[in-house]
Each structure stands twice: as structure tokens, then as C-alpha cells.
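Asker: This structure is in C-alpha cells; I'll ask about it shortly.
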Ligand code: A3P
């Protein structure tokens, strides 16, 4: 009490100047203290040099006990914990991949493996610190696995985000995979601070083997030692005496080669069983250049996701040999080559039941080689029943060059006459450029060429060794099927692909298409009108079926094919600067439109207009009322948006159609997975309404139009309509019809408040996305963010 009294008296005696000075000093001290701690935390999380602990002596350990090497005491040994088993029902089957940049090699390799397994993923540029994407959505985990291209980005996360991520991993049983790629600046020996794990970097390794005790092995077989050096001298190995770490791949140090003594076994890939902090991890001491790492990565993904992102062990293989009879003299098969082909086929059958080469032929070139090669043709034909066959065109023409179907059929019949009894099979296939794609592709069709069976027999050598390799290193079970059955099997495994995503290749290479993929009620019709005023932009012909819009990518029209779509556009002109454009207001929130559009129009530019999602929902509701929708007539807007689960289904449908399109971040994210951010322009719908000419300037810049139109002179505000319209000669205006820009009462306050809350999180997500895309926030979004909480 006495002390308080004195202090009070002291403060009363202070002048204003002294108070300000004290306040200033207080602030400075706070800033310094914060800076010290922030810097200190960062330093602590970086791998630090460990005094006195270098790379262990070579030749002292046995691979059967890879942890036998003496380890320094761990810096922070937490009480032992067990990892929570992954609770699959609580997370979405999506992998969160933190890459170093959009173009980093390792990041692309990781993504390639996930894509070939058809696993869903989301890539994020790993931030130096902070900016963790939203991990949960209404108590549901958005990711089932986290992969860091550079594990240091995880270790060096600021304390807040690190705790956020770790808590998420523990709570949802989510594992982490990380890669440590040493460089010239990496410390030779270091501890991953916070972990009882030591890293020794920039080593050369040899004689790699798989630890048979590793629990994550599925595809990878732990039997063989890969003799010889591992690629590169920049390996990092892991060392620990904590029971949480189990080596997965082991290799010997290379430096003892001269002494002849075997090098110490090091763990080049290590599995953290989660006994340390409840999180399971798999750490790689290098990138994916080493082929065994690819196998182990696929197994790690499977293990850490409780086999949710996992593939069956069956792998189907089909080997096509193209251009039988077509090759030039000197490159074709002779009698001995044909015999070797049959022998190899029989040999392969011991590993792949019923393995049969699939021969593609053009009959016209039968007997077109040297005498020796013609004998080869005869022998091949006499063995015709031993192989599968599929026809090319009789004279090896490309089928799309035939102008009508009957000529094409005639040509095919000529081929048929060569065999009479052979069925007709069309090729369904795709080429592989990397044999290791085998690991994550359940069906592989190799397209090979005659000359590799006649000239150098490289084809036979390759497939014999490929099968041997698969047998030796993997638990995969190789199978084969003729093409049609294989196609059927393919669609059994991937039923979702019955809906093709690519109808034709390389269309529209020259003529860009702009898609206004936005939402009904955001201003699409106005933008469509304004774009149509530009001489370099050509719109689609209106569709009678779908209220002028083509609506190709989002619905059933897609199955009518590309020709149906193209009929909505004039024939391409020679000027490459021409843009076609169409607007279909249902593209933006469609689950499939982005994927389909990107497969067909990879170079398209996408424009989307966003207005406040609350206003959009309200406008949509008013639109439905104006069209006499009985549900919209019966219920107020507030009833619609707040309808509970027990309300009539029709009301719930209207509710969902009012609210779901406004989850802009989700929809935009989908477009961003298929298009580069530079191809997408996000427009402020509010600005389109009030300053359309400025918006049109922006669009012209985005499209790179050389012929710039001054919209300030050709648009005019029509006070009667209350909107901007096209200015016609003579001063008259051409505005949109009655159904656009209707007059209706303002939204009630309760609904506004409800929707502000409803869209709050999504609007924050949207602002983050736009920030990443380098696009300004629409004015309404800034206002919403200011208003909320
Ligand atoms: P309201 O009718 O609710 O006012 P869409 O064409 O995508 O369905 O969007 C219709 C909305 O575009 C209208 O919604 C209106 O607010 C807005 N809009 C923006 N600019 C306009 C313009 N120049 N003329 C008419 N409507 C315009």
C-alpha cells in the first residue's frame, strides 16, 4: 500500500514531457526484447553446429544395428509419446506439399509422384516463416499428409506456426515427410534442434540396402544391396539413439574405399515412429534423384496415410511394338530377330503370366525389306497366333487425315485381309519416359518401335531387365492383358476417368479463348456486352438451349464433343491476335469445368468477376423470385439463408444455390490448380458497376491487346437504367434488358449480419489467395474484412 501511494505521488509529479520520454523508453525496450526473442527462437530452430561431434569413425558399426554408433545426448528429450493412429475419417485425402518455388526440381518430382498415383495434393510455396494455409475446415482436417521439399522450412517455422502445424498433426494423426538436401553451406555435423536427431552432411555413400525391419515398406523389397556409389557427394545421413528413429535406407560411407575397410552404415532415410512428440515423420537425406528414394517415398505416403493414399500391388504392363513391316531396309526383323522376340516373350511369361507383345502393323509394307528381312516377315506371320496385333492404317497414314469414314474403313479392311482371323483393336495408350513411373502407375503401356527389335534388339534387353529389376526390388505383381481388356480394367480402377478430360489435342493453339467463368448475378452479361464492342474480340454465337451461354465445360454438353463447341465460334482467321470469348456463368463454381477447360484450352485466359458474396446470394434470390420460383416466393431471403437441416429439401436446395457459389476461395483455388495465376484475372464486380471503363482498361492490358479501345468514350451512364450502357451514334444508349439491374428492396440487416459471419473465413482465404496471385483486393472485400470482428 505504502509503495503504491509513493508511486502514485511520483506519477502526479511527472511533467508531460517526462511521461512521454518514459513511454518512449518503455516502447524501445519492448521492441528490443521482442526482437531478441524472435531472433533467438529462429536461431534455435536452425540446425546448429554440434561442438565435438563430427562424422563418426568409419568401420565401427554394423548395419543390423544402425543406431549403434555413439550419439550425443539429445538437446530436448521430451517424454516418450506414441503417435496417434491416422484417423482417416477426420481428414480429407489431400497432401499438403510445401515447395521451395513453383519451379523447384524436387518439388516437381514430388508432385509428379503424387500425380501418377492420382493422389490429390495442394502445393504451397513454403514461407520463410508464418502463413500456414488453413488446416481445418469445421473440425475436419483439410490434409492427410504434409510434405516439405526442404525440411528446414518446417524446422525453422516461427514458434506460433510450428505449434499450429504440430498440434494439427498430433490431433489428426497426420504425418510429415521431409527432404534434407545439403549444399556447400550446410554444416558437416548438426543437430536438428528440438529433435534428438543428428545430421551429417555432404557425404559420399555406396552400397545401399533397405532395412527389412522398417515398418513402412510396402512396394519396396528389402533383400538386395545396391552395390556401387550412390549418385552425388552431398548426402546427409541421420544418427540418433532415440527409439523413435528407425532407419529405412542404409548405405556405407564412401571415404574408406582406399583403406579397403567397409565403411560405417549410415541411415540415409529415417523414419520417426512418433515416439518423441507424437508425430510420425519420414526424412530423406537427399532429393529424389536416387531411384530407391522414389520407391520409399511412395511407401512413406502409403504408410503415413494408413494406406489411404496407396496403390494395389498389381501392375499391368503392355508392350506395343509399332510399325511392324513399316521400317526401312536394314532396320527390320530377320529370322533370328523374330525367334529372339518369341524366346524373350516366353522368358517374360515366367514372371508375367501370359505376357504377349502387342504388334502394330501396316500391311502395305509386308515384304518391303531385304530378302533376309522378307523371310523374317514370313516367320512373324507364321507365328501370328503367338502375338497380339493391332492395325495402323494400311499405308501408315494418320487416321485424321482421311476425309470420310468409308475411305478410312476401306483402308482398314486391307489390313484385315493380311490376317483374316485377327480381331480389330485400336490403340489406347500413352508413352512413358521414365521406367520408375511403374511404381505409381498401375497400368503402363510402352510404345516401342520395330527397329529396337530388328536392328539392335534394345527392346528385348530393356524389358527383360525391367522385369528383373521389378522382381528384385519390389513386391509388385506384374500382369498383362490385351488392350481392350486392359482398357476395361483401367476404367475399373479409375472409374472417374470414364468422363474424359481431353477430347482432342492441341486445339486452339493459335486462337486463344477467354472464358468469363464467373457467377450468375455478378455482372457477367454487362462484361460480355462490353467485350463484344472490341474489334479484336469475337464472342460465341448464342445458344438457344442454355440462355445464350454455351455451358460446355460444366455439364452434359461436354460429352457432345469439341466440334459441337467449336460450332459456336466463327472459323479461325489468320490473325493470331484474335481472341474468342465466351461466358458461361456456371463455370466458376463447377467441380469439373476448370479441369476440363485446362485439358482442352491450356492457354486460355480466364476472367472472373466477384461481387460481395452476400450481395450475389441476394441478387440470385431476387432473380429466382422474378422468375416466379415458388420456393423463393414462399420464403423470405432470411428464411432461405438460415434454413436448418430439418427444413424442406426444396428450400435447402435454394439455400445451397444461393450460398455455395459465394465460397469464392474454394472455387478460385480449383481454377488455380489447373491454370497459372498469370492466366486468371479477378475483377471487382463493384468496380464494373461503377467504373466499367477502368475495368475494361484492365482487361485489355491483361489480354495484351495492341489495339486499345477507349471505353471512356463508348460507354455512358444511363440515369434511367441506373447503370452504364453502350453509347450509340447519336447519343442514345443500349443497355442490358430488364432482367439485369432490377430494382428491389435492400437486404435486411439481419441477413447482412448473418452472411458477413457466414462468409468471414472464406473471405479471409480469398484475400490470401489474391495476395499470392499478386492481384488487388476488390473494394467490397476490403470493406468486409474491416467490418468483421
Ligand atoms: P441485379 O440484377 O441483381 O442488380 P449477371 O449478368 O452475371 O447475371 O449479373 C447481373 C448483375 O450485373 C445485376 O444484378 C447488376 O447489379 C450487375 N451489373 C453490373 N453492371 C451492370 C450494367 N452495366 N447493367 C446492368 N447490370 C449490371
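Using the three backbone atoms N, Cα and C, a Cβ is placed for every residue, glycine included.
Quick paste of what TrEMBL says about this protein:
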type	residues	note
BINDING	619, 724, 740, 741, 742, 743, 744	3'-phosphoadenylyl sulfate binding site
DISULFID	725-735	disulfide bond
DOMAIN	522-762	domain 'Sulfotransferase'
REGION	56-82	region 'Disordered'
Asker: Please name the residue among the disulfide-bonded residues 725, 735 whose C-beta has the most neighbouring C-beta atoms within 10 angstroms.
Answerer: 725
Asker: Listed binding-site residues are 619, 740, 741, 743, 744; which sit with C-beta under 6 angstroms of ligand 1?
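Answerer: Among 619, 740, 741, 743, 744, near ligand 1: 619, 740, 741.
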Asker: If you measure every Cα to Cα distance among 619, 724, 740, 741, 742, 743, 744, the residues said to bind 3'-phosphoadenylyl sulfate, what is the biggest one in Å?
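Answerer: About 18 Å separates the two most distant Cα atoms.
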Asker: If you count CB neighbours within 10 Å, which one among the binding-site residues 740, 742, 743 has the smallest count?
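Answerer: Minimum Cβ neighbour count within 10 Å, taken over the binding-site residues 740, 742, 743, occurs at 743.
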Asker: Any same-chain residues 6+ apart from residue 724 (3'-phosphoadenylyl sulfate binding site) with CB under 8 Å of its CB? Would you list them in sequence order, or say none?
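Answerer: Non-local contacts for residue 724 (3'-phosphoadenylyl sulfate binding site): 526, 689, 692, 715, 716, 717, 718.
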Asker: Nearest to residue 725 (disulfide bond) in three-dimensional space, by Cα, is which of the binding-site residues 619, 741, 742, 743, 744?
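Answerer: Its closest listed neighbour, by Cα, is 741.
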Asker: Within 10 Å of the Cβ of residue 741 (3'-phosphoadenylyl sulfate binding site), how many other Cβ atoms are there?
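Answerer: Result for residue 741 (3'-phosphoadenylyl sulfate binding site): 19 other Cβ atoms within 10 Å.
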Asker: Could you measure between residue 742 (3'-phosphoadenylyl sulfate binding site) and residue 735 (disulfide bond) for me? Cα positions, answer in whole angstrom.
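Answerer: Residue 742 (3'-phosphoadenylyl sulfate binding site) to residue 735 (disulfide bond), Cα-Cα distance: 12 Å.
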Asker: Just counting, how many other CB atoms are there within 10 A of the CB of residue 619 (3'-phosphoadenylyl sulfate binding site)?
Answerer: 22
Asker: Mean pLDDT for the domain 'Sulfotransferase' (522-762), rounded to an integer?
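Answerer: The predicted confidence over the domain 'Sulfotransferase' (522-762), as a mean pLDDT, is 90.
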